[in-house]
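**Q** This is the structure I have questions about; it appears just below.
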Amino acid sequence: MNSYLIRNVSILGAAPTDLLIRDGVVVETGTGLSASDATVIDADGLVALPGLVDLHTHLREPGREDAETVETGSRAAALGGYTAVCAMANTSPVADTAGVVEQVWRLGREAGLVDVQPIGAVTVGLAGERLAELGAMAESAARVRIFSDDGHCVADPRLMRRALEYVKAFDGIIAQHAEEPRLTEGAQMHEGEVSTRLGLTGWPAVAEEAIIARDVLLAEHVGSRLHICHVSTAGSVEVLRHAKARGVRVTAEVTPHHLLLTDTRAETYDPVFKVNPPLRTATDIAALRAALVDGVIDIIATDHAPHAVEDKECEWAYARPGMLGLETALSIALDVLGPQWDLIAERMSRTPARIAGLTEHGHDPAPGAPATLTLVDPAARRVIEPAELASRSRNTPYARMTLPGRIVATFLRGEATVLDGKALK
Ligand SMILES: NC(=O)N[C@@H](CC(=O)O)C(=O)O
């Protein structure tokens, strides 16, 4: 295995130190270290963070390898500072059997850029009618612990209750895409002043809030773990605050785009801004940011949703919802939170690792910890050029925007996956 001596790095914003990586772990920190066998990395001005963990990534394989593969998505993740991603189940075929989750898990190991942890579907084919083989997926080589029909809501309350009860046996989690489908039929964007003006059918905030309210009550009733995907409204934050105060075992994520972009982007009719749940208002953004700081929202998750050109460069109404996220998430977090490194590590690494049970991830770089970390240049600014992204798709909402921060290097168990801002595989 390679050894690395990282010189003058600031661990989570602390005074610069040297950091020695050997045999997959951080063996020593301190000033003036030497190691003749190690590759030296000059990290003046760089900040070391625990490798980022994404609880919500769409990798599109199997089925839509034209939009992304496990390998291209893994590369995008490593370049974004990630060392682990949880791969959503809405592939084709759906990841609703032990066979499919094992396939995704194996492809992740073969790519070797990040740990790919498959998420299993809650219901067969995401159809919301019968439970998938949750136990078999949990017992498979992929050891699935998170189940989600993301893209679809588990709308039937009895099925949701059964799923919550079932996963208790192996301390699993149901990650809900909170969208009451009867309230969003034909919806194209957030329901509000902008949708009225544009004449587009609205997706009301209450469609999300009603499901979250129902599900925190169900989770409390059966004593199970619930996770809420991509929370997007101020009202959802209040429901979650109430549930957490009652001691309900609920966690929640917010995406970078819901922390930054508003529904006014729809005025361009550029489908790159079409996403589910939709971009909301400045009031929602303010509430989501405050909740991320005070902990009512536990983590930032990307909802990286690559789409092929023909699914995005068409009329708004026909475009698929979703936007890229892995290669820009840390920059958006820096933009929104500033250099609050401990908070960024908590929301993007330690807590998502804990929720997903990824015990090798989420450790601050310190002697004895796995060398699973990323180096960020916070002073760098970069212009986002879609053609330069490693993702196989191009649907970034940040095209030609200048964003702060750049990932310089990423290490997974002591091996570099990214150096000098370039993927090594
Ligand atoms: N977030 C999105 O806008 N899209 C997701 C699924 C979904 O949540 O609709 C996708 O898989 O493309």
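The backbone N, Cα and C atoms fix where each Cβ goes, glycine too.
When I checked TrEMBL for this same protein, it listed these features:
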- ASP303: active site (ACT_SITE)
- HIS56, HIS58, ASP150, ASP303: Zn(2+) 1 binding site (BINDING)
- HIS58, LEU59, ARG60, ASN90, ASN276, HIS307, PRO321, GLY322: substrate binding site (BINDING)
- ASP150, HIS177, HIS230: Zn(2+) 2 binding site (BINDING)
- 47-234: domain 'Dihydroorotase catalytic' (DOMAIN)
**Q** Select the closest residue to HIS58 (Zn(2+) 1 binding site) from the following recorded positions, measuring between CA atoms: HIS177, HIS230, ASP303, PRO321.
**A** ASP303
**Q** How many other Cβ atoms are found within 10 Å of the Cβ atom of ARG60 (substrate binding site), counting all protein chains shown?
**A** 28
**Q** Identify, in sequence order, the residues in the chain of ASP150 (Zn(2+) 1 binding site) that are 6 or more apart from it along the sequence and have a CB within less than 8 Å of its CB; answer 'none' if there are none.
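**A** Residues satisfying the criterion: HIS56, MET88, ALA89, ASN90, ILE119, ALA175, HIS177, CYS229.
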**Q** In terms of DSSP three-state secondary structure, what is the assignment for HIS56 (Zn(2+) 1 binding site)?
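**A** HIS56 (Zn(2+) 1 binding site) sits in a strand per DSSP.
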**Q** To the nearest whole angstrom, state the Cα distance for the pair ASN276 (substrate binding site) and HIS230 (Zn(2+) 2 binding site).
**A** 9
**Q** For a quick check of understanding: among the binding-site residues HIS56, HIS177, HIS230, which residue's Cβ has the most other Cβ atoms within 10 Å?
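**A** Compared across HIS56, HIS177, HIS230, the most Cβ atoms within 10 Å surround HIS56.
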**Q** Using a Cβ cut-off of under 6 Å to any atom of ligand 1, determine which of the recorded positions ARG60, ASN90, ASN276, ASP303, PRO321, GLY322 qualify.
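**A** ASN90, ASN276, ASP303, PRO321, GLY322, by Cβ distance under 6 Å.
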**Q** Tell me, how many other CB atoms lie within 10 A of the CB of GLY322 (substrate binding site), whichever protein chain they belong to?
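**A** Its Cβ has 23 other Cβ atoms within 10 Å.
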**Q** On the three-state reduction of DSSP, what should I expect for ASN90 (substrate binding site)?
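**A** In the DSSP reduction, ASN90 (substrate binding site) maps to coil.
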